[in-house]
Amino acid sequence: MATTKSSYRRIFGGNPRSSSSGNRYATSSTRYTLGSAMRPSTSSRMVYSTSSSPAVFKSSSVRLRSSLPPARMADSVDFALADAVNLEFKANRTNEKAEMIELNDRFANFIDKVRFLEQQNKILVAELEQLKGKGTSRIGDLYEEEMRELRRQLDQATNDKARVEVDRDNLADDLQRLREKLQDEMIQKEEAEGNLQSFRQDVDNASLARIDLERKVESLQEEIAFLKKLHDEEIRELQLQIQESHIQVDMDVSKPDLTAALRDVRQQYENVAAKNLSDAEEWYKSKFADLSEAANRNNDALRQAKQETSDFRRQIQTLTCEIDAMKGSNESYERQMREMEENFAIEAANYQDTIQRLQEEIQNMKEEMARHLREYQDLLNVKMALDIEIATYRKLLEGEESRISLPVHSFSTMSLRETNLDSHPAETHSKRTVLIKTVETRDGQVVNESSQHHDDFE
């Protein structure tokens, strides 16, 4: 930051002269003349120049010249001229005393103003140090803590979002797997319904076959009953015939071969009847066993088909319930995911607003710190100008004291030793003091400060 130019005239109402190279303060020369014998002259010049950092202040301060030209006086002292000189000297001394009082008052005012400005400078420096130290660190700590909290919440929200996305992907995979399983179950259901239809057809066919077999069994039972009845009638007829044959045998004893013949016939009929009865019973039993076995088979098939149908129905109901539950869970997860995305978007917007607000506060603090630094730099420049002005007035006071004491001494010498004034030439003293002050500033702060004094005598 370049050195800021300040004007002493704007603050204290002085009359500094400024040029393109910097600020220049010059004081006018004062010359007092004592007749033709004494011409003391005092001239002082203060030069203050500023440039870019590092700044160099060169002060060519007080150059005092006091000359006593050779006094040319007559052999006798002109007392009238001496009285005039005394009156003029008293008038000049009165004026100089008034000027010194005014300068002392102005110098006291300047000292008060310098003290006040030094106190204000200390207050501003303390505030600046406080802002640089505690304020900046506190705001920085708060900002860092807030940023860490926001980063932690952002990481947590990112992790939650990633976890929700993983859950969503897992649910999508589960839903896809359940859909595939549902398709398989639907295919199996269709196959089961086809099998059930075929089983129903088989059951119907088995029922028809069972009905046919039952009708056949009834017809066979009727036929067996008819045959049994016929057999009983034949047996009765044979018994009647046998009885009749016995009667005839009794009546006709003379026929010896009839009994044997009847016995043979009866034996033959009994054999035929027994054979027919056994054959009929065996055929009936075999047919009944076949029909019973077929009926049992059909009943087993029907029972198995009914059981499979009930199992398939239970599976269909279970899968339907699972599908409904999965649909509800999927809708719930999707709703939760939408809510979490909305909450995450709202929180992200709030975090962005908080970050923007903190950045604006940091920018405002930086601008305020820059303003304090500029004010501090202006006050520092004013302080330097006041230091230079005080040094100038100090040199002027020293020059005035030397100028006031020098004519009195010369006048007493002239009055008492007039012979020596003719024989000794006046001595001319010239003292030149050069003060070189180097102040290096960086970013509005004094980094290095050094001063050098050089005294030259002429």
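Note that the numbers count up from 1, one per residue, in the order the chain is shown.
Every residue, even glycine, has its Cβ placed from backbone N, Cα and C.
In Swiss-Prot this protein carries:
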DOMAIN    96-404  domain 'IF rod'
REGION    1-88  region 'Head'
REGION    1-27  region 'Disordered'
REGION    89-124  region 'Coil 1A'
REGION    125-146  region 'Linker 1'
REGION    147-238  region 'Coil 1B'
REGION    239-261  region 'Linker 12'
REGION    262-400  region 'Coil 2'
REGION    401-458  region 'Tail'
SITE      F344  site 'Stutter'
What does DSSP assign F344 (site 'Stutter'), in three states? helix
For the region 'Coil 2' (262-400), how many residues does DSSP put in helix, in strand and in coil? 139 helix, 0 strand, 0 coil
What average pLDDT does the predicted model assign to the region 'Head' (1-88)? 42
Summed over the region 'Coil 1B' (147-238), the DSSP helix, strand and coil counts are 92 helix, 0 strand, 0 coil
What does DSSP give as the helix, strand and coil breakdown of the region 'Coil 1A' (89-124)? 36 helix, 0 strand, 0 coil
